[in-house]
Amino acid sequence: MLIKPLYAMLLGGALLASQAQADDTIRIGVSQPLTGSVAASGTYVTNGARLAVEHINGKGGVLGKPLELIIEDNKSNPREAVNTAEKLILRDKVPVMMGAWGSTFTLATMPKLEEYGVPMVVETASSSKVTTSGNPWVFRISPTSMMEAQAFAKQLSSFAPAIKKVDFLSVNNDWGLGAAGAFKEVLESKGIEVGRSEIIAPDATDLSAQLAALKNSGSDTIIVTSGVEQLTLAIRQAAEQGIKQRLVTTGGSFPEPLVKNPGPKGYVSTHLLFFSPWTADQSIHPDIARTYMDAWEAKGYPFPGLTEGFRGYDAILTIAEAIRVAGKAEPEAIRDALWKVKLAGVNGDIAFHKEGPEGRESGQNTPNIYIIQLQDGEVSAL
Amino acid sequence: MDQFLQHLVNGTVLGATYALLGIGLTLIFGIMKVVNFAHGELYAFGAYVAYALVSLLQMDYFVALILAAGLGLLLGASIEFLLLRRCRLENIDEVMLIMIGVMIIMQNAELLAWGGVAKVVPTPFPQESIIIGGIYLSPTRLFVLGAAIVLLLAFYLVIERSRLGLAMRATFQDEDAARIVGVNVGRIYTLTFGLGSSLAAITGALLAPVFVVTPTMGDLASLKAFAIVILGGLGNIRGAALGGFALALIEEFGAAYISTAYRDAIGFLVILAVMIARPQGLFAARERVG
């Protein structure tokens with residue numbers, strides 16, 4: 001008879017303890033690919049998020065409480081991305097998430113956000129579907145492929161010789177296929193001829209068949225969409241096969257290994273980035289960029305990782321601001337507050353406009369896009 | 001024509017590495033009947049040895065290759081000696097479970113030691129490609145092709161012509177008879193597993209400067225190796241070698257002239273077709289055992 005009350009007391013005590021622990025901090029769930037085919041990018045974004053949390057907590061946190069990241073690895077796999085969301089929402093009870101690097105992982109996660117009513121700030125995803133499918137819990141700070149294509153089109157005159165015909169080399173997922181579609185549409189409207197479209201599996205390492213097929217296609221530019229690892233392989237293998245076309249990469253990833261281990265001498269590649277640490281002084285808010293870069297450097301993280309680390313940094317700044325505006329760390333209040341966020345970030349000004357079907361709109365930011373060139377391990381602005 | 005020849009060259013280089021992976025696995029899976037799910041992990045292990053020695057310790061690449069092969073042999077032999085010997089290879093389910101366990105442990109150990117971000121191993125060769133009649137081939141890939149062919153020939157000779165090879169073949173044909181004529185059966189098992197593993201490890205080290213090194217790189221390698229072994233016929237060294245070249249060329253030309261999106265699917269479709277027409281594999285003379 002004595003056991004029951006004792007058990008109840010113990011249980012009650014444990015519950016109280018965990019309650020107290022949960023109340024000490026404001027938790028933010030993070031779902032990123034820390035392993036698998038796009039692990040490099042996910043790791044950079046997570047490190048950027050950590051720096052933002054340190055920065056905010058150093059200034060006293062939000063609503064008088066420190067922020068705490070609960071980080072889960074989605075293993076570059078849409079199925080695992082769903083698992084991470086369920087774990088973060090159900091077990092860790094996070095009121096808001098950041099994730100999930102890439103359109104495919106984000107799209108897979110989105111139904112869970114709606115099911116449980118938890119908002120997510122999407123730091124990386126370029127498929128238009130993310131914000132047009134009518135999920136009111138999604139707020140994207142990264143550009144869509146269409147925005148990228150339009151930004152690229154504005155810079156067409158900077159390319160010499162001029163771009164007349166393009167081919168595509170795209171990773172076989174929502175991101176790669178979506179980007180190819182958007183760039184085709186925009187470039188065709190500018191009178192540029194569109195040639196072949198070649199596809200690579202997300203885990204492929206040998207791209208020689210695709211590249212050899214593009215070699216004599218008569219185009220002058222190949223638009224490549226994939227993560228850090230495949231961009232590195234594509235550029236190196238294109239140079240090895242004597243591909244004469246200009247390579248332009250989209251999606252904001254940068255083939256960082258080529259800085260230390262450049263391919264053949266004189267080979268130039270062009271990259272669409274959302275933050276360029278090489279030309280940070282020209283960004284919209286150089287002081288914020290500087291704070292972020294200094295913190296990154298202090299940790300000894302690799303310099304080129306700054307190009308993607310800012311995504312996590314800006315996303316956490318956005319979430320923290322929304323919690324501050326909401327006045328409480330509750331999912332619905334944070335979602336409503338995200339619409340009111342007006343913030344200066346590393347990429348530029350962050351604010352959301354409505355996209356998607358009326359009454360069920362998602363939030364979309366209008367970020368800045370930078371174009372840079374890489375040659376012999378050296379980076380310069382276009 | 002140039003494009004056709006370029007595809008042929010690309011496919012041949014890829015095929016040589018597929019053949020090495022296939023031979024290593026056919027020794028273990030085809031001859032020993034151990035379903036070696038960890039084969040790809042030994043390939044990744046070799047690549048990480050190359051990364052650690054060349055990129056971190058600034059060691060010579062060629063020395064690293066030899067060390068990768070040696071360490072692969074040692075690791076493979078230890079797996080056989082410490083884990084498989086105990087269950088005497090009688091229960092295939094147990095063996096499979098052990099090998100799946102080894103695969104998971106190795107992959108996660110790599111992740112723990114090196115992190116998930118891809119590593120790059122610098123090549124000791126010039127970056128500029130060799131150009132012959134409009135065909136481009138990087139010196140690194142040419143070296144991989146040469147090394148693979150030397151290894152393929154050496155293995156063929158060891159298995160078919162040497163006393164060790166004879167003892168291996170005898171052991172796996174009839175263990176008791178081999179024991180009667182004085183073959184140290186236990187040692188043959190350990191050595192065969194070690195040799196197969198060593199081939200996987202040196203393939204990983206050979207390809208490290210061509211591709212990038214990641215903890216999950218073994219998954220794709222395992223898948224391809226199993227496909228090659230089944231295509232070539234279980235336990236058939238020549239079959240595995242030819243199967244490797246066949247799969248690579250099918251993938252390369254399928255991607256070039258049919259569709260790059262279905263590159264892997266085309267390879268597996270051909271394997272399915274072969275399985276329907278010749279269930280024992282392309283080159284196996286006998287019916288499959290078991």
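Using N, Cα and C of the backbone, Cβ positions are placed for all residues, glycine too.
Here TrEMBL gives transmembrane segment for one range in the set B:45-62, B:261-278: that range is B:261-278. Beyond the ends of the transmembrane segment (B:188-213), by six or more residues, the same chain brings 17, 20-21, 23-28, 31-32, 34, 36, 39-40, 42-51, 54, 61, 64-65, 68-77, 79-81, 84-85, 89, 114, 118-124, 140-141, 144, 147-148, 151, 155, 158, 164, 167-168, 171-172, 178, 221, 225 to within a C-beta distance below 8 angstroms of the stretch. For the transmembrane segment (B:12-35), the neighbouring stretch richest in Cβ pairs under 8 Å, chosen from B:65-83, B:95-115, B:135-159, B:225-249, B:261-278, is B:225-249.
Only residues 6 or more beyond the boundaries of the transmembrane segment (B:225-249), in the same chain, are considered here, and those with a CB under 8 A from a CB of the stretch are 8, 11-12, 14-27, 29-31, 39-40, 152, 155-156, 159-160, 172, 200, 267-268, 270-271, 274-275, 280-285, 288-289.
Tertiary neighbourhood of the transmembrane segment (B:135-159): same-chain residues 2, 5-6, 9, 12-13, 16-17, 19-20, 23, 27, 65, 123, 125-129, 165, 168-169, 195, 199, 202-203, 206-207, 209-210, 237-238, 241, selected by CB-CB distance under 8 Å and a gap of 6+ residues from either end.
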